[in-house]
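Asker: For reference, the structure I am asking about is given below.
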């Protein structure tokens, strides 16, 4: 069993390395696709940042770079192509390892082989391609998965540091602090979690301040432009189309509304599922994946990799086939409709937006179905009774 | 919510969901029938619309056309010279013609391509505007039927000379003489966007002239508009061509209609044009190419105008007035063509159906495959097997292998085109229902899973294809539909007849065999297995995807379907197999 488990980790590392070695041009192609790269996470902008940094230009002067300064600083030490490939593969392997380690904690309740979740992660094409595209989403994912693992292990400090790192890299994951608090055993632990997170964030921001030559400019260029949705760029999310046509005077209001939309569901989910904090955490992760301003397929691949942990719930799902079909169609049709719109000019932006709606619908239907399944198993008090039919009122 | 709850209770009480699941095979057939029925109803009154000029700036035929008798003499002069030149080799001819073009101020250049043929082109700079956009007038020396395009070439030169005297052009005018109307022209268009030195900016629109022979009079005009890979020119482009031609009193033909058919307007005449349109769009790149196909993929709106007949009532200058007026219309444009439809099908020169009307039929056919897939997943005793069974992973691996094999076949065929071998292999694989007789068999569970994965992938392929290339998606869906009728043998069934039935279904739904049957029935130009060679050469010469769509989209599904028939009904009870895992 142990051997199998390590094999799935090795598989994760090897597939990524082999794929990037076999198809060297794949990285650039994926980095140009709207599904895997956004102005906030693309490898191109990261390289631009590294170049700016190395040549002594102000990092955020050109308005092209929106990645965190410390990430750019770290990446500037990795200058060989092979090292980069290994680094990204290793990052993904760390996530696979975290998933494997998490599986060990749930072996009693799960009737699946130990290696399955991490192998599914290793072979998940969304995560795989996202890793090949070298999107910086992967660093956030590593932070989130290690925060989750630490929380499950009861390592409050580790979890706080990791979630602060995730929040530092891409702002929205800091919301996951709320479900993490739900995982704390007592009030003291929760307080410590929040305190350590705040302290880590403060340190990271201070380091960034120092790294960017004593300027606060990076705050506006990274978090500011992320939260204010400054780069109007088509992606799979719900935001871009909405803000294309809007009169300028309404923009601030609706940007606030969209941000509130992201935040608003986190606490209720945590409170409702306080007895299943792990589940609440994943549900919050899924919610952020749908509603964040610059989502990529890498985000949803990461969320979907946690579905095997809910194996006891899967019997309760009401329309898994519909969700799967929606997801499949959204993933395959989005590049085609983008091609029709941007390359051939025979389609228009409505085509691509329609598909991003289907994608959101697919994710939403998965979330709704999972929620229902959890409510049902609560109703059945943990002993599945599939013959009983219930309806929601 | 109370209403929803009530509805949900009611559905559960009636047992609607199990009933629907039980009738999935019927639903799949209904979807396919609906698809065909919907499509057949499109030519009915109320389903189609009259075309209209959507972009106001075009204003076709609003300005008086001056390309008349005075130009006729010049045209005759060029034509007389060209007739002599038709026996001369192309490089010499190009050189001579380029001196004629330079006489009235065109810049000329020759694009050399040893593989596909040289192309001469000349550029007339726009007297107005910034010269970043161009309109093209294209004349292949030989047309699609292999005739010398003398009239077209003379007309092209005379028109260019005539255009050079006008001060109104706000776009560069490019005159192109390619060796033929397919690969040579395509190669030039490709080079224009990559490597040529003399260029006139982005090409907005192109008109291909086809006037074979040196006769002065002709009967009617035929319009070709299908691009490669399912692309169509903007409907406004077709509309101005039709409206100008009809304004000048000519009849416009689509898809080879002739004689009294041009005057017909009935359900069946419209259905005929619709079906011919689907055929020529699905087979575009494989059939004769009239020149407009060469421009697909670069946002160029292009139509081909072909003059038919030798002794009609219209003279060659009337034919020349179509490109003249079209050039004036396109010259008026302030933006790219974007107003009208890009997804449409013509029922007559002035009737069309838009995407919203015809899409349901393609969606239904792709849905029928998805339903068939759900059916082979749900409607058997293996439904409750857990997700991580060995069968699921086996089926998935089998699918991955078939895709790889199909891709390898596609690539191999491009290098070693052995069509007979391909057909023979297909026929041999169709015998797969008899595999158990020679001792090879797969388990029933795997059979169902294979079918399930095959159909879901095919449904997905069709869905992806239906906005890009409706005709191909629709055709593929219909031709492959017999696959869903393949039945996995049940216990105690008469499986001898079932095997023969399955074999027949496999044969007619094989991508290569069914293409052969279709072309033998409906496409007299392509004889026998020529279509398979055309598929390969269309990819290498014109980068037309049809070959790969068929090989990667259709062939794996067919192979999986064939594999799924090679099971033997277990005489043991089903429980035996369940225990196995």
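Positions of Cβ are set from backbone N, Cα and C atoms, glycine also.
Fair warning: this is a prediction, and the values are worked out from it, not measured in the lab.
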Asker: TrEMBL tags one of A:39-58, A:59-78 as transmembrane segment - which one?
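Answerer: Checking TrEMBL against the ranges A:39-58, A:59-78, the transmembrane segment one is A:59-78.
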Asker: Short question: which residues 6 or more past the ends of the transmembrane segment (A:353-375) have a Cβ under 8 Å from it?
Answerer: 235-238, 241, 273, 276, 279, 283, 286-287, 289-290, 300, 303-304, 307, 310, 313-320, 322-323, 326-327, 329-331, 333-334, 337, 392
Asker: Who are the long-range neighbours of the signal peptide (A:1-28) in its own chain, taking Cβ under 8 Å and residues 6 or more past its ends?
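Answerer: That would be 43, 85-86, 88-90, 92-93, 96-97, 100, 113-115, 118-119, 121-123, 128, 131-134.
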Asker: Which residues of the chain, 6 or more past the ends of the transmembrane segment (A:112-129), have a CB below 8 A from one of its CBs?
Answerer: 1, 4-5, 7-9, 11-12, 15-16, 19, 30, 36, 92, 95-97, 99-100, 102-104, 297-298, 300-302, 304-306, 308-309, 311, 331
